[in-house]
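For Arg191, Ala192, Gly193, Arg194, Thr311, Asn335, Ser523, Arg584, the entry in Swiss-Prot reads CoA binding site. Look at Swiss-Prot and you will find Gly387, Glu388, Pro389, Asp411, Thr412, Trp413, Trp414, Gln415, Thr416, Asp500, Arg515, Arg526 tagged as ATP binding site. The Mg(2+) binding site annotation in Swiss-Prot covers Val537, His539, Ile542 and rests on sequence analysis. The N6-acetyllysine feature in Swiss-Prot is assigned to Lys609; the stated evidence is sequence analysis.
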Amino acid sequence: MSQPHRYPIPASLAERTLVSAEQYRKLYEQSINDPDSFWREYAQIVEWITPFQTVKNTTFDPGHVNIRWFEDGTLNVAANCLDRHLQERGDQTAIIWEGDDASQSKTLTYRQLHQAVCRFANVLKAQGIGKGDVVALYMPMVPEAAVAMLACARIGAVHSVIFAGFSPEAIAGRIIDSSAKLVVTADEGLRAGRKIPLKKNIDDALNHPEVKSVNRVIVFRRTGNAIDWQPERDVWWHDAIDGADDTCPPEAMGAEDPLFILYTSGSTGTPKGVLHTTGGYLVYAATTFKYVFDYHPGDVYWCTADVGWVTGHSYLLYGPLACCAITLMFEGVPNWPAASRMAQVVDKHQVNILYTAPTAIRALMAEGDKAITGTHRSSLRIMGSVGEPINPEAWEWYYHKIGNGRCPIVDTWWQTETGGFMITPLPGAMALKPGSAALPFFGVQPALVDNVGTPVDGAGEGNLVITDSWPGQARTLYGDHDRFKQTYFYTFKGMYFSGDGARRDEDGYYWITGRVDDVLNVSGHRLGTSEIESALVAHPKIAEAAVVGMPHNIKGQAIYAYITLNAGETPTPELYNEVRAWMRKEIGAIATPDVLHWTDSLPKTRSGKIMRRILRKIAAGDTGNLGDTSTLADPGVVEKLLEEKHTLTLPS
C-alpha cells in the first residue's frame with residue numbers, strides 16, 4: 001500500500017506547546033516506571049477535599065480484578081468543574097451553545113452555569129434523589145443536559161445518559177438494568193430540521209411492564225409542541241426550578257464512588273453498563289484534555305460529539321470544564337442545512353480546537369469544496385478525530401481542506417471503558433503519520449500479543465492489550481462484575497484486552513486495524529478491514545467503504561465491500577474494473593474485493609458508527625435474525641441493502 005506522508009511538528013506550535021518531544025519521553029518513562037509519583041503529582045490537576053494518601057491499588061489478575069485509584073481521597077466533580085473557577089474566572093464563557101437552527105445560539109458563563117446547576121441539584125434533592133441514586137437522562141444537545149449531569153455529580157447521584165436517538169425498547173432496557181429513580185428529558189429534540197419525540201419515547205419506555213423504579217419525569221421545554229402529560233408523574237423543568245435556591249453545597253465524594261453509568265453495545269447484544277468512578281476518571285479526563293489538545297486559556301474548543309456518548313462525557317463536558325475551558329455544544333449536524341455548516345460554526349465562534357469523527361469527515365469529503373465554501377477557518381490551531389480509525393485519505397482531506405494544511409491532527413484511540421485517550425499524538429511532541437494514533441499517553445502501557453497471548457516485540461501486528469491500569473479505567477460493568485472480568489481480562493491473563501487489533505511500525509507508532517472480529521482470513525492471509533477500507537476510499541470516486549468477510553468455498557472468506565460513491569458519480573462496469581485494479585495496485589491481488597456492493601447508504605448508529613454486524617449477516621445471507629436494530633439511525637437501510645444484494649453476482 002502506498003506510504004502516507006509524515007508531518008513534522010510545526011515550529012509555531014513547538015514554541016508554545018505544553019509538552020515537547022523531549023518532555024514527552026521523560027514524562028512517559030516516569031509514568032511507567034514510577035506511576036505512584038507521576039500520578040501523585042498530576043492528580044493535583046483537580047482539587048481534593050480530603051487529599052489522598054494511596055495512589056494506586058490495582059491488579060489485573062483474573063481471579064480478583066481490582067481497580068482503585070486515589071481511594072482514600074474525597075472530592076466533588078461539579079465543584080472542580082465550576083466552583084473553583086468562580087473567584088478568578090467566573091465571568092468567562094463556559095458553554096457556547098449553537099442550535100440546530102443557525103439563528104439560535106447563546107453563551108453561559110461559569111457563574112451562570114454554577115447557579116443553574118445548584119438550582120437543579122436542589123430540584124433533584126426535593127424529589128428525593130440523593131447520593132448513589134441513579135438518574136436517567138434522555139436529553140437533546142442543549143445546555144440543560146450539561147446542567148443535569150453536573151447537578152447529579154454535585155449531590156452524588158449517578159447519572160445514566162441515554163443517547164437521544166435510542167428507541168423506547170432500548171431506553172427501557174437501560175432503565176431496568178440501572179434501576180433509575182428519575183428521568184430527565186425534553187418535549188422534543190431537534191436534529192437537521194427534524195423533530196425527535198423524546199417525551200413520547202420516554203412515555204413508551206416507562207409503559208414497559210418491567211420498568212418499575214421511575215416515579216418522576218422532569219421535562220425540559222425545547223420546542224413547545226403538544227405532548228402527552230401525566231400530572232401525577234411529570235413535572236416541567238421551568239416549574240421545578242422556579243424558586244429553587246441557587247446555592248447547594250457540593251457533596252464530598254469518595255474517589256471510588258460512582259460518577260456515571262454509560263451503556264455500550266455488547267457482543268451478545270445485551271448492553272453493558274460501564275461504570276466510571278469519581279476521582280480517577282476526572283483526573284484522567286482533565287489531564288488528557290489539557291495535554292492532548294494543548295489547551296491554553298481562552299481557546300475556544302468544539303467537540304462535535306453528543307453527550308449521550310463517552311466522548312461527550314469526557315471531552316465535551318468534564319475534561320474541558322475541569323480545565324476552565326470554553327466548550328462549544330452543537331445541537332445540529334455538520335452538513336445541515338448546508339455542507340459547509342461545520343466550517344460556518346468554526347468561523348462564527350472562532351473555534352481554535354475542533355474534535356470530530358471520521359464519519360463526519362468522510363461525509364463532508366464526499367461534498368468536495370462545498371464543505372468549505374464561503375469560510376476561512378483561520379482560527380483553527382489543532383484538530384482531532386475520534387470514534388474509529390481514520391483512513392489516511394480522510395486524514396489528508398481534513399488536514400488540507402478544513403485545517404488549511406497547518407493544524408496538527410490528534411487521531412485519538414480510546415474506548416468507553418478507558419474513560420479517556422489511550423494512544424494519541426501530542427501535537428507539540430510528535431510527528432504525525434496520517435492514519436496512525438501514534439504513541440501511548442502518560443501511564444498507558446500498550447502491548448501486542450498473538451492469539452495465544454505471546455508478546456509481539458518490535459514492529460509487528462497483533463491483539464492490542466494494556467498491561468497495567470490507568471486512572472480513567474472503568475471499574476466494572478454495573479451489576480455484573482463477572483461479565484466485566486470475562487469480557488476484558490480472561491482472553492489474555494493479566495492484561496486488559498481492548499478487542500481491537502493493531503500494528504506497530506518501526507518507530508513504535510500504533511495503527512489501529514479495527515475490531516479483532518473485523519479481521520478477514522482470505523486464503524490464509526489475515527487482512528484488517530480497516531486497511532482495505534482505507535485503500536478503497538483513497539480512490540478519487542469513493543466517499544465511503546465498509547468491508548466484511550463472506551463465506552467462500554475455496555478461500556475460506558471472500559472480501560465483500562459496500563461502497564458509497566462521491567456525489568455525482570454513478571456505478572458502471574468500467575468503474576467496477578477500475579476499483580478492482582486500484583486495489584491490486586494499492587495492497588495486492590489478495591485484497592481485491594470479490595464483491596462490490598454499490599449503495600448510497602450504510603447502516604449506521606445515531607452516533608455515526610457503521611453497524612458491521614448487520615453488514616456481515618447480509619453478506620453471508622444470514623438474514624433470519626439480524627438482532628437488535630433499534631440503534632440504527634435509519635432502519636429502512638437494511639431492507640434497501642437486501643434488495644440491492646439480489647441484483648449482485650456473488651462468488652461461490
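The backbone N, Cα and C atoms fix where each Cβ goes, and this holds for glycine too.
Sequence features annotated in Swiss-Prot and their locations in the structure.
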| residue | record | contacts (Cβ under 8 Å, 6+ apart) |
| --- | --- | --- |
| Ala192 | CoA binding site | Asp100, Gly332, Val333, Trp336, Pro337 |
| Thr311 | CoA binding site | Cys303, Ala305, Tyr355, Val386, Gly387 |
| Asn335 | CoA binding site | Arg341, Met342, Ala360, Ala363, Leu364, Glu367, Ala371 |
| Pro389 | ATP binding site | Pro358, Asp411, Trp413, Gly435, Ala437, Trp511, Ile512, Thr513, Gly514, Ser530, Ser534 |
| Thr416 | ATP binding site | Leu262, Thr264, Val274, Trp309, Val310, Ala474 |
| Arg515 | ATP binding site | Gly499, Asp500, Gly501, Arg612 |
| Val537 | Mg(2+) binding site | Arg362, Asn391, Glu393, Ala394, Ala543, Glu544, Ala545 |
| His539 | Mg(2+) binding site | Glu578, Val579, Trp582 |
| Arg584 | CoA binding site | Ala591, Thr592 |
Ser523 (CoA binding site): secondary structure state under DSSP, collapsed to three categories: coil
Cβ-centroid neighbourhood (8 Å) of the Mg(2+) site, Val537, His539, Ile542 excluded: Glu393, Ala535, Leu536, Ala538, Pro540, Lys541, Ala543, Glu544, Ala545, Ile563, Val579
Length of the line joining the Cα atoms of Arg191 (CoA binding site) and Ile542 (Mg(2+) binding site), in Å: 27
Among Arg191, Arg194, Lys609, the one of these recorded positions whose Cβ has the fewest neighbouring Cβ atoms within 10 Å: Arg194
Candidate binding-site residues Gly193, Arg194, Ser523, Ile542, pick with smallest Cα gap to Thr412 (ATP binding site): Ile542
Between Ser523 (CoA binding site) and Ile542 (Mg(2+) binding site), the C-alpha gap once rounded to whole angstrom: 27
Rounded Cα-Cα span from Trp414 (ATP binding site) to Arg194 (CoA binding site), Å: 31
Arg194 (CoA binding site) in three-state DSSP notation: strand
Least buried by Cβ count (within 10 Å) of the binding-site residues Thr412, Ser523: Ser523
Residue among recorded positions Gly193, Trp414, Lys609 with Cα closest to the Cα of Ile542 (Mg(2+) binding site): Lys609
Three-state secondary structure, which DSSP defines for Thr416 (ATP binding site): helix
Binding-site residues compared (Gly193, Gly387) - highest count of Cβ atoms within 10 Å: Gly387
